[in-house]
Ligand SMILES: *Cc1c(COP(=O)(O)O)cnc(C)c1O
């Protein structure tokens, strides 16, 4: 079945991003593939990363772990949200490791699977998930593969970064584990002090630029193309779209494309997004609808059936739309044909 909306995903780009992150960290490099591989398709992203040398993967839930399907034999999968009471059946049937986040989860795992390896999250300042530092005594005797913490402000120069690093070192000295891991994408950019034994990038693998250090080293992975359904002329003085927020000053050729906020192209792009056809630039006219966007086709000789590429350079699209680079990726909806090349 033809799909008028396409996401072209570059295997060489995700692999080159992984290599840059691994080299920059100077240590083992895993991959967060939660949220369907940040919108790109978790299984295909995982297989591309595996080919590059990645061996440690992270999803949020047991449902995501199940959806991934069979893991490569020499790889490991961790479930970041750990084991709630309702997760135990799935967790015990799975080969993935839970990341234990609370005293309740520690006790639940210790009782149900005392001999099985787990990961542990210790909170060093995020106050989201993880054991408090005062609680790490409860970890005695667990078979911990990776002891981790998560940085709250790594994308900024914030005093909390150094404070979390120092608390993490303190935890590392007190709790035996096979490996220690602190840094996400932005944390890798903070330098070797933050790398420990294993880093866990997500965003930057998929082309996001978490900090300036990554600019020029991380390549765009996802290319968004939409097909033109109709070319029409908006006459001088007429308006276009919901709310009539665009009024044509002169006769304006418009290309109406098959994408909208239901596909993750949110209303922040109204009058601000742009697309390309060959070298020509086409600006979004008026509001983004659920399934449609009007583009100014004055400069582009395009019509029904032609394709345009939306400007999805992540830092630039984030600036235009007011969305974060994370939201731009993870919002990409189910109606795209996802094509890894
Ligand atoms: C999502 C996540 C990551 C990856 O973060 P990015 O900012 O996307 O690099 C790493 N660690 C944990 C615990 C996460 O939840």
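Cβ coordinates come from backbone N, Cα and C, glycine included.
Record features (TrEMBL):
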MOD_RES   34  N6-(pyridoxal phosphate)lysine
BINDING   128, 290  substrate binding site
DOMAIN    221-341  domain 'Alanine racemase C-terminal'
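Feature annotations (TrEMBL) mapped to structure.
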residue : record                         : CB count, 10 Å
34      : N6-(pyridoxal phosphate)lysine : 20
128     : substrate binding site         : 10
290     : substrate binding site         : 12
Quick one: Cα separation, the residue listed as 'N6-(pyridoxal phosphate)lysine' versus residue 290 (substrate binding site), in Å? 26
Could you tell me how many residues in the domain 'Alanine racemase C-terminal' (221-341) are helical, how many are strand and how many are coil under DSSP? 23 helix, 44 strand, 54 coil
Average pLDDT across the domain 'Alanine racemase C-terminal' (221-341)? 98
